[in-house]
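Just below is one structure, and these are the notes that go with it.
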């Protein structure tokens, strides 16, 4: 296999014991020691790093788990919110606050979401490493902080709106990644473009003009600001900043997909390629942080997302 690093005891020792990313000075030293071209040594390290990357099946299983959760929790959220008055009139989020009852359905919704984002927070360190690790880490922190803080302060009504909004696009991203791993490129492209449209509408349209409008202005008008009000809205605004960053990355890839007829390589891709090798076509998350995430993975603003291909 031309993409596998050929056995070499000296290079393997450097790779394992010293560095996986040798600098120019070390590369020149290895070149003289092995009487080998620097470019060939660079290629060996690149191929050796890729050998440590997880196989497609591992990535497929990870995306399948997230797709299943996002889809199920989104359906549960829509079913629950459809019969809730604050879904149709956001001012209901602040009526009789903070003396609002915590129903069983609302409690389950919150606990499921909080447990999932805690799992993302910890699994991020052992899952497939992405270039948006830091963004997704911030997203997960902001999301967990928002869920916990809103639960403690009984801001659960508006909290359910935030959660459901972020879940609306996350399962589409995971579906696009599944199609990509299964080599259904046309389906992947279609799902990714749909995801991009839903993401833009929910994160750059509905979120600021519906969610932030009620948390910043309607709440100020009906109950007035208080110390924790500033923290709550500060976390929501951090999510909005992450939404803008992810939207730019998603728009760039979606634009290339429309121009070229296929989704281009994920900027966060966990596989390196050389100038001589063809770019692998992969679909993108997010956030997600993933991460989402929500946004978030979102990124879930999840953040989550990013996403992408993720979170």
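Each residue, glycine too, has its Cβ placed from N, Cα and C.
What TrEMBL says about a protein is an automatic prediction, not a curated fact.
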TrEMBL annotation (transmembrane segment) - matching range among 230-255, 256-281: 230-255
Listed range which TrEMBL flags as transmembrane segment, given the options 133-152, 153-172: 133-152
Stretch among 67-87, 107-126, 133-152, 191-210 sharing the most Cβ pairs under 8 Å with the transmembrane segment (230-255): 191-210
